[in-house]
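As structure tokens, the structure follows; a few thoughts come after it.
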Amino acid sequence: MEVIEQSKEMMELDPKTSSNNVMCQLTDPEGQPLGAPLYLPQSAGPPQLQQLVNQLLCNEERLPYAFYISDQELVVQLGSYLQKNKVSVEKVLCIVYQPQAIFRIRPVNRCSATIAGHTEAVLSVSFSPDGKHLASGSGDTTVRLWDLTTQTPLFTCTGHKNWVLYIAWSPDGKHLASGSKSGELLTWDPQTGKLSGKPLMGHKKWITGISWEPIHLTAPCRRFVSSSKDGDARIWDTTLRRCLHCLSGHTKTVTCVKWGGDGMIYTGSQDCTIKIWTSEGKLIRELKNHAHWVNSLALSTEYTLRTGAFDHTGRTYSSPEEMKEAALAKYNKMKGNAPERLVSGSDDFHLYLWEPLTSKQPKAHLTGHQQLVNHVYFSPDGQWVASASFDKSVKLWNGITGNFVASFRGHVGPVYQISWSADSRLLLSGSKDSTLKVWDIRTKKLKQDLPGHADEVFAVDWSPDGEKVASGGKDRGLSNESPASGGGGVGCGQAASQVDEGHRGRLGWRVGRQGGGRTSGQREER
């Protein structure tokens, strides 16, 4: 109560005499109120609200917050907002405060390097958890590791017998797993580019997804789960070099798999179901609302799970135990008291938002796409969900309520993959139309159009440190853009353009993540 009175004095507020006050209730994104309702002057805007929230939360250091009313960001004074939106002052105005990243990513604006290399289409790209390394998988059967300083190939990893469809880094950055169209899985040592052991055999058809066990559960990283067109998912131990458990139960292709922060494994399938498994391979729940193939799954904690203990500060760790402890603290801070959320996208044009460990019923049904949903992805802070569709649009949704927020239109072909900047302020999309686009979440508008590829863009990834974006496509290339730092944060500026005639393909780096969606070519074959 004392804090609230101090806050009123700070904003020079006298609720008894002022006729221009608005009764407001501050809540966190989960709907938990921050104290009792307050009378605030209509002249109050985001700067005053930031002061108020920091004081009410007793933050020792002032932290940045954004404020939303009915999913619309408040960027003006309360009085201006009320007048523009014709909101009654007779009701309590609910204002949601959302913590913002203390660093800021600046948008990429042009391709800094087009790296020749792969002799067939680049099907997947992925930055390491610390953002210092980049891997790509291609139809030429190789995995390539790239030197981000010189923008040249570091290692060419050979061993696969068919297209490399999926790659995934372990959260500690010590291993890289890759899966091919032949069904075999290989793991690599990123420091040497050599195989870590014999191939992991068991799947009868091609690999559709790979997800590592979170490092806050087990360190060092040694287990991952894979999904396949053969209808199974398998848990592997990279030290023992064998399959620990086969997750059988789906009747058709398992299209995607995620290993959650609570230890549960989620699989989506063309049999229209999502199944939840323990890490010991026991089926505990089935989610059945979709009417067609489930194409993509995303967890609200996914970015935190992917990056493990690493963050924008560049901190290093001396032991797996130290890394595990830091990753657990980071995960708990991100997750808070709320359950882990799951979003699914389908060929039925719909998305569902779930709290899968608390209910079989979806929390929200997200409709609006006019064609199949190819890829879904939570923002790093868990506040937003983005969805990419063959209807040529990207849609933005509230990641907690599932409410529709905005449509991003500009692509003239199906959108294959999307990727978030580390600060959750920018969204990258790659499309069949050969372009990448950067969207501004605050303004809900196109921030930058990025031509450069000569053909369809299959894969995009934004580095966890925010410093680079990579894109790969049908033109066999990787494109890259590196930023210039500025303002004390991580920036994305321009770098000199160069071409390396190593592969005959191109890999593009710009500022951006590997998704899980499928391309039109993959769709036809599946």
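Every residue gets a Cβ built from N, Cα and C, even glycine.
The annotation domain 'NLE' is assigned in TrEMBL to 22-82.
Within the repeat 'WD' (115-156), the DSSP-based counts of helix, strand and coil residues read 0 helix, 24 strand, 18 coil. Under the heading repeat 'WD', TrEMBL lists 115-156 (among others).
Here the repeat 'WD' (157-198) has long-range neighbours at 120, 123-130, 133, 135-139, 141-145, 204-212, 214-215, 219-221, 224, 226, 228, 230, 236, 238, 241, 305-310, 320, 323, 327, 514, meaning same-chain residues at least 6 beyond its ends whose C-beta is under 8 angstroms from one of its own. What TrEMBL lists as repeat 'WD' is 157-198 (among others).
The repeat 'WD' feature in TrEMBL is assigned to 200-237 (among others). Through the fold, the repeat 'WD' (200-237) approaches residues 162-163, 165-172, 174-175, 177-187, 243-248, 250-261, 263, 265, 267, 269, 277, 279, 281, 305, 308-309, 320-321, 323-324, 327-328, 330-331, 516, 526 of its own chain, all at least 6 residues removed from its boundaries and within a Cβ separation under 8 Å.
According to TrEMBL, the repeat 'WD' annotation covers 247-277 (among others). Model confidence over the repeat 'WD' (247-277) is summarised by a mean pLDDT of 97.
Long-range contacts of the repeat 'WD' (366-407) within the same chain, counting only residues at least 6 positions beyond its ends with a Cβ under 8 Å from a Cβ of the stretch, are 29-30, 71, 98-101, 292-293, 295-304, 334, 338, 341, 343-353, 413-424, 427, 429, 431, 439, 441, 444, 513, 515-518, 520. The repeat 'WD' annotation in TrEMBL covers 366-407 (among others).
The feature repeat 'WD' is assigned by TrEMBL to 408-449 (among others). DSSP places the residues of the repeat 'WD' (408-449) in helix, strand and coil in these numbers: 0 helix, 24 strand, 18 coil.
For the repeat 'WD' (450-478), DSSP puts the residue distribution at 0 helix, 14 strand, 15 coil. Taken from TrEMBL, the feature repeat 'WD' covers 450-478 (among others).
Marked as region 'Disordered' by TrEMBL: 464-526.
For 465-478, the entry in TrEMBL reads compositional bias 'Basic and acidic residues'.
Helix, strand and coil residue tallies for the repeat 'WD' (247-277), in that order: 0 helix, 16 strand, 15 coil [DSSP]. When each of the listed stretches 247-277, 408-449, 450-478 is scored by C-beta pairs under 8 angstroms to the repeat 'WD' (115-156), 450-478 comes out highest.
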